Amino acid sequence: MAIREIRVVPDPVLRTPCDEIKEITPAVRRLVDDLLETVDDPGRAGLSANQIGVSLRAFSYNIDGKVGYVLNPVLEEKSGEQYGDEGCLSVPGLWYKTRRADYARVRGIDLDGNEVVLEGSGLMGRMLQHECDHLDGHVYLDRLEKEERREALRYMRNRQAK
């Protein structure tokens, strides 16, 4: 197990849709261990595999003391609406208000191939949508209004140049 370095915008791995996990290999097991260890830090709600440089459909979460993971997640339902602050480990230092569905449900598998269903409202619902966005090659900045998005991307470019 290892705490992995977080990739930040504009790293291309964050913009590439992740591949489905076709087989549970030792490398996939190590990936899950690394995701769980890396997300296990105060203030971290979720972490997708591409945020640590691996383009596979997997994420870990740490919400209200519940830590876990899901492989090959599919966002199958969302409803309601919430509007609130959102941040991202791959966009350090920036928080913006974003609109998301309040409730979300994701279905995937665990390392033994068993079905996993994660669902929730509020922070859990936001995290499920946020991590599925990552796995599809999107970051939360894509959900911002045009001017806020431009401002955030400018900030990230300037941060990278330093």
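From the backbone N, Cα and C atoms, a Cβ is placed for every residue, glycine too.
The feature active site is assigned by Swiss-Prot to Glu131, with sequence analysis given as support. The Cβ of Glu131 (active site) lies under 8 Å from the Cβ of Gly46, Leu47, Ser48, Phe59, Tyr61, Pro73, each on the same chain and at least six residues away in sequence. DSSP classifies Glu131 (active site) as helix under the three-state reduction.
Non-local neighbourhood of His130 (Fe cation binding site): Ala45, Gly46, Glu86, Cys88, Arg100, Tyr140, each in the same chain, at least six residues away, with C-beta under 8 Å from its C-beta. The Fe cation binding site annotation in Swiss-Prot covers Cys88, His130, His134.
Using a 10 Å Cβ-Cβ cutoff, Cys88 (Fe cation binding site) registers 24 neighbours. Report note: the Fe cation site is defined by Cys88, His130, His134, and the residues of the same chain whose CB lies within 8 Å of the CB centroid of those residues, excluding them, are Gly46, Ser48, Gln51, Leu89, Ser90, Glu131, Asp133, Val139, Tyr140.
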